[in-house]
């Protein structure tokens, strides 16, 4: 960071870098980097715990201590009680309904709202997250186990006959084992601090997947609202086909349809009322409970409590506290570990991303920090408790978390209250909730999952980023029409493919100099310019109000990505294309500077950019030791650009291309393929009379270049800190008719800086040309202000060293008379 105002003059002093003189091997560098990271981590931990007491150490294991020790009954208790009661009113009917989606008895859903909620309240770090059964996880469980069970389950709450009883018991055992595996994955990921893995599930993947899963879940509830029965399907077209078949056969119960639609309209009306009148916001939270109570009242008043009426009811919910089920964790026989483990990984990944996303949003809104890995461990402990006492997988719920937050919950005491109220229902009220109609549960499920269909997100992605919209659409379409597992896997595969393509085909920017500054900005390629706009048009003209121009004979290019094996070939092709465009511009308008090509690599230079575009006409590569295709396309592009520039020079009588300037400021890292590519390219261009110039490589890239012995073919004097220095050296050499930077500077009457005086690394000289043209210094006051404005505004684009100079540099210039 620079302090002080920005000066309009440029410093003539070389920029020095303090790197160790002793050259280290790659293994030594990695070991030193690891030790430095470990020391920094220990130092931060020691600083953090320097003022800790015993309560802070206890809070590491029990995060609830952090809010219990400073709990204010006057300020927080009322809000926590209201939130806990409101969530309990939603939890009970949702737990019963979501258990039906998962294909398990209703009491297993209620168990998920009891012990897991209490355990999370103790170990969780989020103060508003509502934990319990959720619709998407329930749908994943049922669809993942549906095709692996020998017998189709008709009624989980009241199985008829010994075969159905045995099938339901086997299914319940598999669900408990699945919850145990999910708990193990949760805990392992949190304790090993591997939460970053879930970042591979991007926002488009999750929103598209949950939207498609919501459609499938909602379509599966139509049979309860129509009074028909069929085997549940895992895709929308299967559900539609079964519904049409049943209706064609005359199976329809109008009482179920009328009651289900009435309950759905009630829920929608309460939601609309809560939005219209702010004081009535609790109506939405009470909606599922009100619908459940009305349905129970209708069944009891009509005398259908025995289950013989036209309305299908739950009919049986096991009463009492949960039983110990840890003895069912092993052995895993049916459907087997090969089925349960991949399904558990999918469920854990989806649940972790959803829960941490909700918890992060709530923490930001309420102004406290969230421990992500501790949060994942807390969810794992909650699932261990659930699997130990008869529950299926639980995670953070969006709807119940929103109720917690809207009711003003301050701590997880609200979760304690919710868990205790669900325990009271299990002890005393299960016979009452056994009268809940299935059509009412279907209405509650439809209403709940409707909030998961993210159409607004899809429209925003379509407007902002078409590739992200394609990922969202793939996840949504495949999940809806092919199943949840295929939907998730296909969308992840597509997003990874797009990521690889972005890395393999990075941006390579052609640079032009903003007049009277040392700032170089990307120039629009010829095929993207508006009619009548010359080759010096800036991509972001509105940011500085000036037009960037290129130098005759010099092509400046910036690589805007790490230099890796996957993008080396693409870099070569794009550099050659830029050279060709520059030469075409010389022939057409004479705008470019003869002899110099400047290129910027806009991606990592890694192996994946190199080998992804293999060709049959491979050539021997010294760096790879044999037949190699890794550099072919990049070299072809460079040759084409240089050939076009030379043709343009012959046509205009100007000098041919003598210099190729590479801006490596955006190359954050490189691998061996990228380093070998640069060395081979330097040798190849030198044989053709074109000097390669490297500008602004970082320490990792320079160390790797040193190890590949690039300076045997590229003199150290052609490695510069600034693009401007490299361009000035190239111009001076063209003007002086030589190929040595120091000789060119002397011939031009300017101060040269020897390579040894500004060593970046042992044996690596990064020099800064001290030549500054008079037009850069002799600026008017208005132009100086414009230059300061340009330099400050562009500071986030290029290296700060290329954007501005501090007052000390200006004072030093004045003192030395430069």
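For all residues, glycine too, the Cβ spot is worked out from N, Cα and C.
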(request) Choose the correct range: of 318-336, 375-393, 394-412, which one does TrEMBL annotate as transmembrane segment? Give that range. (result) 375-393
(request) Choose the correct range: of 201-222, 223-244, 443-464, 509-530, which one does TrEMBL annotate as transmembrane segment? Give that range. (result) 201-222
(request) May I ask you to indicate which of 37-56, 57-76, 77-96, 537-556 is given in TrEMBL as transmembrane segment? (result) 77-96
(request) Answer with yes or no whether the transmembrane segment (339-363) touches the transmembrane segment (413-436) by the criterion of at least three Cβ pairs under 8 A, sequence separation 6 or more. (result) no
(request) Could you give the residue numbers and ranges of same-chain residues that sit at least 6 residues beyond the transmembrane segment (169-189) on either side and whose C-beta is under 8 angstroms from one of its C-beta atoms? (result) 102-105, 108, 141, 145, 149-150, 153, 156, 195, 197, 325, 328-330, 332, 334-335, 340-341, 343-345, 347-348, 351-352, 373, 376-377, 379-384, 386-387, 390-393
(message) With pairs fewer than 6 apart in sequence excluded, do the transmembrane segment (469-501) and the transmembrane segment (282-305) have three or more C-beta pairs that lie under 8 Å?
(response) no
(request) Could you check if the transmembrane segment (102-123) is in contact with the transmembrane segment (77-96), meaning 3+ Cβ pairs under 8 Å among residue pairs at least 6 apart in sequence? (result) yes
(request) Please give the sequence-distant neighbours of the transmembrane segment (375-393): residues at least 6 beyond its ends with Cβ less than 8 Å from one of its Cβ atoms. (result) 63, 99, 102, 104, 107-109, 111-112, 114-120, 123-126, 131, 133, 137-138, 141, 175-180, 182-191, 195, 322-326, 329, 347, 351-352, 355-356, 359
(message) I need to check the long-range neighbours of the transmembrane segment (469-501): which residues 6 or more away from its ends have a CB within less than 8 Å of a CB in the stretch?
(response) 139-140, 143-144, 200-202, 204-205, 207-209, 211-213, 215-216, 234-237, 343, 346, 350, 457-458, 461-462, 566, 608, 612
